[in-house]
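Report on the following structure.
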């Protein structure tokens, strides 16, 4: 054991992060990365680490996942999530789920307790009940901000596309000390989306992909564009051709932009523990921990570095 140095990378969504939410987004991704790294440091699996990191962001109202998810056309929260194990390519996902706090936990259960990979809507709800997952009243997941935005988007002259830029899907990728990789992604989807819309997040190869032979990636951005190019798998394909994580991410994002006009962001870790956080949108909140060093940023070219001990100390005082 201890052959690999564990690494975790998280994102809190690509798009436009409004000034008043910058601090919260930064703090949220840093907290998630530290939690995931805590799991890895104790010898935990990459799978446990990415689930823990994503759960932390689902519980944080700053992000469009779990509590704080955007609302569909009817003013309800419908969430998608996926998790994948790079060891044997097992994956679990849920789509259009309502009334649960942590869709990522349910996705993990789909992977481990069923022979299936994706459960949707009512079936996912029945499965959650069977697994004893407590029901969270829908209103509990709705923030003032999501409701405001939903109302604005209903106005006849509104342009929901304008608001779509502030997306906030969350995700994590990790490699553990045994060299296993994993990814996890979770989202509330697009604001004012049609009922039953499923985006890239729940789709294997689009919202995320993990394979020990090459690495793991989690994506964020315009879901329909991501699905068209199967973005997560495309990045791993480029790494299989010998590209570095950064180069693979940039090449795939560039292809998505030129081919279908789609913008987004990705986090990547390869099988030797090199990582990248890249985006074609204005911003993407991200954080990573490797070698007990925390790096994080939101703007292109922005990168702060702290030791994990220092970060944990300021974490306990609150940012």
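Cβ coordinates are placed from backbone N, Cα and C, and glycine is handled just like the others.
Heads up, TrEMBL stuff is auto-annotated, nobody curated it.
Because the structure is a prediction, the values reported are computed rather than measured.
Summarising the environment of residue 169 (active site, nucleophile), the number of other Cβ atoms within 10 Å of its Cβ, over all protein chains shown, is 32. Taken from TrEMBL, the feature active site, nucleophile applies to 169.
The feature substrate binding site is assigned by TrEMBL to 197, 198, 199, 200, 220, 221, 222, 223. Residue density at residue 200 (substrate binding site): 31 other Cβ atoms are found within 10 A of its Cβ, drawing on all protein chains shown.
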Say you check the Cα of residue 169 (active site, nucleophile) against those of the binding-site residues 197, 198, 199; which is nearest?
199
Ten-angstrom check, please: count other Cβ atoms within 10 Å of the Cβ of residue 199 (substrate binding site), all chains counted.
23
Among the binding-site residues 197, 222, whose Cβ has the fewest other Cβ atoms within 10 Å?
197
Where the record says 197, 198, 199, 200, 220, 221, 222, 223 bind substrate, what is the longest distance in Å from one Cα to another among those residues?
16
